[in-house]
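For 8-282, the entry in Swiss-Prot reads domain 'tr-type G'. Marked as GTP binding site by Swiss-Prot on the basis of sequence analysis: 17-24, 81-85, 135-138.
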Amino acid sequence: MARAFPLERVRNIGIAAHIDAGKTTTTERILFYSGVVHKIGEVHDGAAVTDWMAQERERGITITAAAISTSWKDHRVNIIDTPGHVDFTIEVERSMRVLDGVIAVFCAVGGVQPQSETVWRQADRYSVPRMVFVNKMDRTGADFLKVHGQIQDRLKANAVPIQLPIGAEGELSGIIDLVENKAHIYKDDLGQDIEITDVPEAMKDQVEEWRAFLMEKVAETDEALIEKFLDTGELSNDELKQGIRTGVVKHGLVPVLCGSAFKNKGVQLVLDAVVDYLPAPIDVPPIQGILPDGTEAVRPSDDKAPFSALAFKVMADPYGKLTFVRMYSGVLEKGSYVMNSTKGIKERISRLVVLKADDREEVDQLQAGDLGAVLGLKNTTTGDTLCSADEPIVLETLFVPEPVISVAVEPKTKGDMEKLSKALVSLAEEDPTFRVRTDQETGQTVIAGMGELHLEILVDRMMREFKVEANIGAPQVSYRETIRGSSKGEGKFSRQTGGKGQYGHVVIEMEPGEPESGFVFVNKIVGGIVPKEFIKPSEQGMKETCESGVIAGFPLIDVKVSMVDGSYHDVDSSEMAFKIAGSMAFKDAVRKCNPVLLEPMMKVEVEVPEDFLGSVIGDLSSRRGQVEGQAIDDGTSKVSAKVPLAEMFGYATELRSMTQGRGIFSMEFSHYEDVPRNVAEAIISKNQGNS
């Protein structure tokens with residue numbers, strides 16, 4: 001089938017930012033001006049096209065990454081609108097993994113917020129080229145150049161304005177395009193009647209200064225341009241455009257635009273910039289993967305290359321399970337069979353759809369560079385690779401952060417128990433940061449996630465979508481266990497009870513693993529001293545013990561185990577005996593390896609009037625917090641600190657009463673850190689029964 005849009009005219013972009021920067025409104029306006037919707041939907045009215053879950057429409061925030069296709073100036077633009085709340089970090093993470101470019105939206109008043117830094121780091125992790133839209137220029141206190149300075153200083157970006165606002169706050173009347181050296185004056189409220197004129201006399205000096213700055217920065221992206229600029233001191237408009245594009249694609253430049261999505265000013269220019277400056281799938285390096293023989297390979301963005309795609313999101317849907325895929329190479333046909341190379345299984349593609357928020361269009365095929373969804377995949381989950389069975393490859397998967405907070409869920413009736421298990425399976429398929437376990441001592445179902453809002457929304461969905469009636473416990477911190485030393489461990493399981501006995505014997509060496517490596521098992525058995533069929537059960541026994549912990553019943557992380565010795569009995573040895581022996585050896589080794597308890601440390605940023613600074617810092621210190629920095633700007637103090645999550649429950653209420661309701665704070669997961677001995681002892685003795 002012929003392509004509707006050649007690959008060089010495809011853009012896969014994300015819109016990302018901190019909460020309340022106006023990201024979803026920007027997406028709505030993009031859909032309005034590009035003709036996908038014929039009426040403007042506002043987030044605060046609960047009418048946004050990309051916010052389609054009931055919880056999103058009620059809360060006015062975006063929770064899941066909605067994928068939508070539109071077109072602009074003969075280009076296909078696939079957009080993912082991502083949430084700004086830190087509890088939904090996985091949604092941003094999974095969209096960054098599959099995008100070719102991103103629009104980072106900043107509030108012209110609030111500027112760079114803690115969550116902006118998180119989103120920026122995620123874009124860095126996947127090397128995503130980006131541009132910036134400084135939104136809300138109509139608001140009191142809007143300052144375009146101040147935000148530009150913050151992006152340079154706090155995000156260490158080579159940010160270059162390619163526009164300037166004409167007026168600000170209530171006086172915002174238009175935008176200067178520094179590339180074309182023209183003014184765009186908005187004549188109506190809908191932002192459709194635009195007059196393009198010369199730069200206003202009063203702004204000529206400022207425009208000249210920033211245009212010279214733009215030329216200098218663009219010249220640095222290319223040797224031929226720098227020569228011309230040094231010779232003539234000028235670059236043509238076309239050279240500027242080409243230079244900006246080269247700089248963006250090579251991560252050397254971040255163009256900064258401005259406007260007000262809510263007031264319908266500047267959105268068409270954002271779309272122009274997406275088409276002009278953000279990369280097509282063929283402009284970014286081809287996706288890398290691993291072949292079955294362990295060698296690295298790449299898949300170019302080409303319909304003729306072998307098929308490969310990444311499942312980046314799974315969603316329960318009234319019509320069945322929807323699996324969102326990013327097509328990297330080849331073509332995917334409706335009705336075909338493909339290989340899930342991550343799990344080593346075949347899957348059938350029942351139907352293919354392209355999404356327009358909660359509206360969908362069925363298609364016969366998806367091609368390289370497309371974002372679409374598949375109906376009918378039974379066993380594919382987030383992060384899995386789909387590929388041609390004849391030419392298998394496993395693509396680099398997603399980074400999934402560890403959950404930091406958990407609550408116990410108790411169904412009210414037996415009927416609710418069945419509904420609950422169905423709901424938990426469905427929600428865990430959709431969201432890799434949502435974990436479910438059974439508490440060994442109490443038998444309760446415990447769910448874990450990225451924060452209180454994350455769990456609140458998941459519980460809300462259980463009750464709404466799956467009609468589960470349940471009692472929810474108080475939030476608990478998700479501690480972890482790890483080791484700080486190395487040692488050998490031995491487990492021998494031997495039982496004679498008449499008839500066939502049980503015998504398994506495992507010897508291991510244990511050492512700390514690489515950060516974020518989880519549990520790593522290495523088989524070093526040689527000469528068949530333990531038969532091959534007993535190696536996997538031994539590993540399984542260790543893995544299960546690792547998941548349920550040894551010292552306090554919390555999952556053990558970042559540990560490397562080598563199975564080095566053991567023995568077996570021709571008649572009495574069994575898989576079960578070796579599974580138990582593996583678990584015994586694991587526990588024995590952990591106890592000798594200086595085990596420690598880890599707790600989630602949160603990056604906390606507090607903004608308060610200057611008068612309250614002393615009380616806030618004192619309070620953070622009393623919560624075992626480490627204050628890392630403070631700054632005062634226009635009478636407002638900003639404090640950044642690392643504080644254990646265990647000490648942060650109820651902080652919002654405490655901060656309100658401490659600052660007469662004038663303090664605000666944001667909190668996101670930073671890292672795991674050793675729990676101080678006296679605190680750890682109390683936690684361990686309380687949880688001893690679980691281990």
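Placement of Cβ uses the backbone N, Cα and C atoms for every residue, glycine included.
Within 10 Å of the C-beta of ALA17 (GTP binding site) there are 27 other C-beta atoms, taking all protein chains into account. Under a cutoff of 8 A between CB atoms, and with a sequence separation of 6+ in the same chain, the neighbours of MET137 (GTP binding site) are ALA108, PHE144, PRO165, ALA168, GLU169, LEU172, CYS258, GLY259, SER260, LYS265, GLY266.
Taking the domain 'tr-type G' (8-282) as a whole, pLDDT averages 82 in the prediction. ASP20 (GTP binding site) is surrounded by 17 other CB atoms, counting those within 10 A of its CB over all protein chains shown. The secondary structure of ASP20 (GTP binding site), as reduced to three states from DSSP, is coil rather than helix or strand.
DSSP assigns MET137 (GTP binding site) to coil in the three-state reduction, outside any helix or strand.
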